[in-house]
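According to Swiss-Prot:
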ACT_SITE  ASP328  active site, proton donor
ACT_SITE  ASP349  active site, nucleophile
BINDING   THR275, GLN305, ARG416, TRP418  substrate binding site
DISULFID  CYS342-CYS362  disulfide bond
CARBOHYD  ASN110  N-linked glycosylation site
CARBOHYD  ASN158  N-linked glycosylation site
CARBOHYD  ASN371  N-linked glycosylation site
CARBOHYD  ASN385  N-linked glycosylation site
SIGNAL    1-19  signal peptide
SITE      GLN327  site 'Transition state stabilizer'
Amino acid sequence: MALRILITVSLVLFSLSHTSFGYSPEEVKSWCGKTPNPQPCEYFLTQKTDVTSIKQDTDFYKISLQLALERATTAQSRTYTLGSKCRNEREKAAWEDCRELYELTVLKLNQTSNSSPGCTKVDKQTWLSTALTNLETCRASLEDLGVPEYVLPLLSNNVTKLISNTLSLNKVPYNEPSYKDGFPTWVKPGDRKLLQTTPRANIVVAQDGSGNVKTIQEAVAAASRAGGSRYVIYIKAGTYNENIEVKLKNIMFVGDGIGKTIITGSKSVGGGATTFKSATVAVVGDNFIARDITIRNTAGPNNHQAVALRSGSDLSVFYRCSFEGYQDTLYVHSQRQFYRECDIYGTVDFIFGNAAVVLQNCNIFARKPPNRTNTLTAQGRTDPNQSTGIIIHNCRVTAASDLKPVQSSVKTFLGRPWKQYSRTVYIKTFLDSLINPAGWMEWSGDFALNTLYYAEYMNTGPGSSTANRVKWRGYHVLTSPSQVSQFTVGNFIAGNSWLPATNVPFTSGL
């Protein structure tokens with residue numbers, strides 16, 4: 001009997017030590033050794049007292065996600081106290097960006113943690129990739145305005161590393177076969193109809209008073225009182241000098257056509273804004289759709305970064321739209337995006353960001369730059385497990401009217417690596433003679449040349465020859481459909497699961 005009691009007490013004490021005092025050092029080292037950043041994993045896992053059993057990889061993934069969420073929530077709470085410590089307008093502007101971006105990070109981590117049964121690993125990888133991108137954007141805002149990082153000490157490398165660990169544990173193959181043929185399948189049938197017909201508007205914007213409201217922002221505000229279903233804002237022909245923020249889900253902008261319905265702004269880094277806040281139109285709410293609209297930033301070629309559109313909207317679609325600016329025109333910030341039959345004008349890094357984005361049947365126009373060099377893309381992937389990249393499929397790359405007379409004196413490149421794992425692919429795209437024979441340009445010395453992924457597949461036109469392209473380890477000339485299939489609409493942005501509902505035409509494969 002005494003032996004039985006002793007064994008029982010020993011088992012209870014072992015159980016208490018395991019549940020009340022954290023994981024054993026052996027467990028911690030074994031599991032954290034599977035991540036790219038074991039040190040913060042070991043530290044925070046050791047500190048954890050509300051432990052749950054780790055028996056398999058899925059258990060560890062859940063705990064890794066929980067650690068990232070806990071640290072991100074702590075970092076977010078600190079941002080609220082930092083506003084009063086800002087010493088000038090530049091520091092305040094950077095702080096406001098970081099506050100918003102940490103809120104979005106916590107939102108995405110919660111979305112990943114509390115995802116519905118229908119949520120796929122691709123969805124989770126998208127949201128984790130976005131959470132990581134948000135933290136990087138906070139740092140970029142400090143750099144834009146020359147604010148030293150010690151002024152805003154919320155920038156926790158631990159949060160970044162913990163999210164990176166969770167990304168590596170989710171392990172999504174790029175060609176996961178979970179979609180049907182047709183449009184990217186995240187587009188619902190009702191949304192598809194909206195894009196193929198003239199939809200009935202919930203509200204009409206008209207400068208002459210013939211609509212319900214005179215400004216677009218008024219219409220967006222009205223949508224907040226309408227519930228969460230698809231809300232169509234018809235914007236009549238005219239030039240609207242506004243800076244628009246769309247934070248609600250399921251908003252649709254419908255205009256009267258490119259060059260007819262024009263939204264214009266002029267904020268820029270040169271004028272004191274961050275790149276993030278310079279956008280004429282900024283969209284965060286998921287499932288955003290825009291059709292038949294021009295969006296401009298008129299800050300000019302010498303005011304540095306000046307964004308026309310910034311989209312961080314998951315499952316967003318832009319159809320027959322024009323984006324016009326110079327440096328950093330189209331900010332494909334994060335999440336899954338699709339552009340069809342759009343025009344994009346710019347000079348330096350004018351398609352940039354860290355979304356999983358496909359541009360299909362679009363016209364890309366390089367303008368006359370201030371410094372005799374154009375770069376079409378600057379993709380911002382910071383982690384090898386982020387499911388992000390810029391895919392340019394069946395588009396046309398040509399010189400804009402202001403560049404044509406001086407084209408021979410300007411070097412125009414397909415892109416350059418903004419971040420360590422930058423990924424950009426051109427597929428079956430017409431490249432005119434403006435493209436430099438080297439094709440691609442360095443960002444700074446040999447930075448990222450071995451870790452980037454740049455590729456070309458069956459492009460045409462006088463600028464498409466790969467004979468004199470760069471010889472970087474990360475550059476690839478693809479020669480077979482199997483090599484490029486992971487970058488199609490169907491696979492790269494899971495287009496077959498959401499695009500059909502928008503009624504935007506798209507090509508799922510090559």
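Residue numbering: from 1, along the chain as shown.
Positions of Cβ are set from backbone N, Cα and C atoms, glycine also.
Just so it is clear, the model here is predicted, and its values are computed rather than measured.
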Largest tally of Cβ atoms lying within 10 Å of a Cβ, found at which of the recorded positions THR275, GLN327, ASN385: GLN327
Tertiary neighbours of ASN110 (N-linked glycosylation site) (same chain, Cβ under 8 Å, six or more apart): LEU69
Count of other CB atoms lying within 10 Å of the CB belonging to TRP418 (substrate binding site): 22
DSSP state at CYS342 (disulfide bond), helix/strand/coil: coil
Site with most surrounding Cβ atoms, counting all protein chains shown within 10 Å, from the recorded positions GLN305, ASN371: GLN305
Spatial neighbour of GLN305 (substrate binding site) that is closest, considering only the recorded positions ASP349, CYS362, ASN385 and their CA atoms: ASP349
Cα separation, the residue listed as 'active site, nucleophile' to TRP418 (substrate binding site) (Å, whole number): 9
Cβ neighbours of ASP349 (active site, nucleophile) where a neighbour is any other Cβ within 10 Å: 24
C-beta crowding around ASN158 (N-linked glycosylation site), within 10 angstroms: 19
Same-chain residues at least 6 apart in sequence whose Cβ lies under 8 Å from the residue listed as 'active site, proton donor': THR275, SER278, GLN305, ALA306, VAL307, GLY346, VAL348, ASP349, PHE350, PHE352
Residue among recorded positions ASN158, CYS342, ASN371, ARG416 with Cα closest to the Cα of ASN385 (N-linked glycosylation site): ASN158
Maximum Cα-Cα separation (Å), residues THR275, GLN305, ARG416, TRP418 listed as binding substrate: 18
